[in-house]
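> These came from TrEMBL, pasted as-is:
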- Gly101, Lys102, Gly103, Gly104, Val105, Gly106, Lys107, Ser108: ATP binding site (BINDING)
Amino acid sequence: MWFDWLSRSKNQVPAAIAQCIADFQPTEMPLPLTQVVQQLEWQDKDHRLTLTLPFAWQSLSAELLPRLLQLDPKLQLELRYQNSLPALFKGIKQVILVASGKGGVGKSTTAVNVAVAMAQEGAKVGLLDADIYGPSIPLMLGLQGQKAESADEKHLLPKQAAGLAVQSIGFLVDPDSATVWRGPMASQALLQLLNETDWGELDYLVVDMPPGTGDIQLTLSQKIPLSGAVIVTTPQDVALADAQKAVAMFNSVRVPVLGLVENMSYYQCKSCGAQDDVFGSQGGLELAQRYQLPVLGQLPLDTQIRQSGDAGVPLVQQAGSGTENYKQIARQLIFALYWRSLQQAAAPEIIFTDD
Ligand SMILES: Nc1ncnc2c1ncn2[C@@H]1O[C@H](COP(=O)(O)OP(=O)(O)OP(=O)(O)O)[C@@H](O)[C@H]1O
């Protein structure tokens, strides 16, 4: 392993620095760094260390650089990424659904903030608002009232906001008329929106799904090439029962559930710090345990989260302690998607013959 690791190094990396990287286990990442880094490059002249990674992961610098600076105070760390995964369709490499069994649990809020946090890691990220019965992404990204545009009368241009390429059913139809669409019509409109948007090259497309487990969810899960789904729930029993249905639905159509986000998990009193489990406690954890799913995060019931959504500036773009939760969820998702892509690459190919 050690020899394999050094063979990826261009120019001789000083031994102490190579050892420090080899010993380093980043938080949240299930693999050691030596199994992730594709190439190391060392430039003696300006003490520059360049690591090439298979996915965007700029926040690694905050964890790794302080250790390296102890060995060489002049060291400069550069992180590059080279995502060599093939595109799933068009120029999009990974498609992730954000779903919930029940409405109003904070699915869109989670989708927006996690997508922005992924873009902050340096990835190219798109966000598709497929929540046909209540498209809220335009409001949450300050794009309310904007209409769909096309450069060639054939393809739709995504809007750019918060570092994301954004498309929403809300740019095409009056939100009031969308609510009366029936299942097949709604599914068709969403597939068209996905296919006819000129997304460009994307590492990740995050899809904010409509709530529930009906026709639309089933059709989209079957017709979009998917990398996985994230289920958002609140901890009370009614929401959990619906979240369980969503997990079962994705299992039945063989869409991997990448994890669960428990939203509005607790309320923390600003003056005394006491924690109140407004909607019950541990429900999301128990559901995750039952289905052996990771809990990607537990988010508090927080006025700032609601205010930032209403103001059209996602919380992760603002400074403050609340943003770290979303950043952690984004990193765990990026790692889980990479891990799955490794497993898929290693899985034996099954070839059917006529014999
Ligand atoms: N953790 C939170 N703390 C406080 N408010 C929140 C939190 N998460 C979401 N909200 C607020 O709750 C409301 C519903 O959130 P959101 O629209 O994200 O839910 P949803 O599950 O996507 O709903 P829908 O079923 O309409 O698609 C919004 O006003 C949002 O700002």
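Cβ from N, Cα, C; glycine included.
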> Quick check on the binding-site residues: of Gly101, Gly104, whose CB has the lowest count of neighbouring CB atoms inside 10 Å?
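Looking at the binding-site residues Gly101, Gly104, the Cβ with the fewest others within 10 Å is that of Gly104.
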> Find, for the listed binding-site residues Gly103, Gly106, the residue with the lowest Cβ contact count at a 10 Å cut-off, counting only other Cβ atoms.
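Among the binding-site residues Gly103, Gly106, the sparsest Cβ neighbourhood within 10 Å belongs to Gly103.
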> What number of additional C-beta atoms lies within 10 angstroms of the C-beta atom of Lys102 (ATP binding site)?
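Within a 10 Å radius of the Cβ of Lys102 (ATP binding site) lie 21 other Cβ atoms.
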> What is the number of other Cβ atoms found within 10 Å of the Cβ of Lys107 (ATP binding site)?
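If we count other Cβ atoms within 10 Å of Lys107 (ATP binding site), we arrive at 26.
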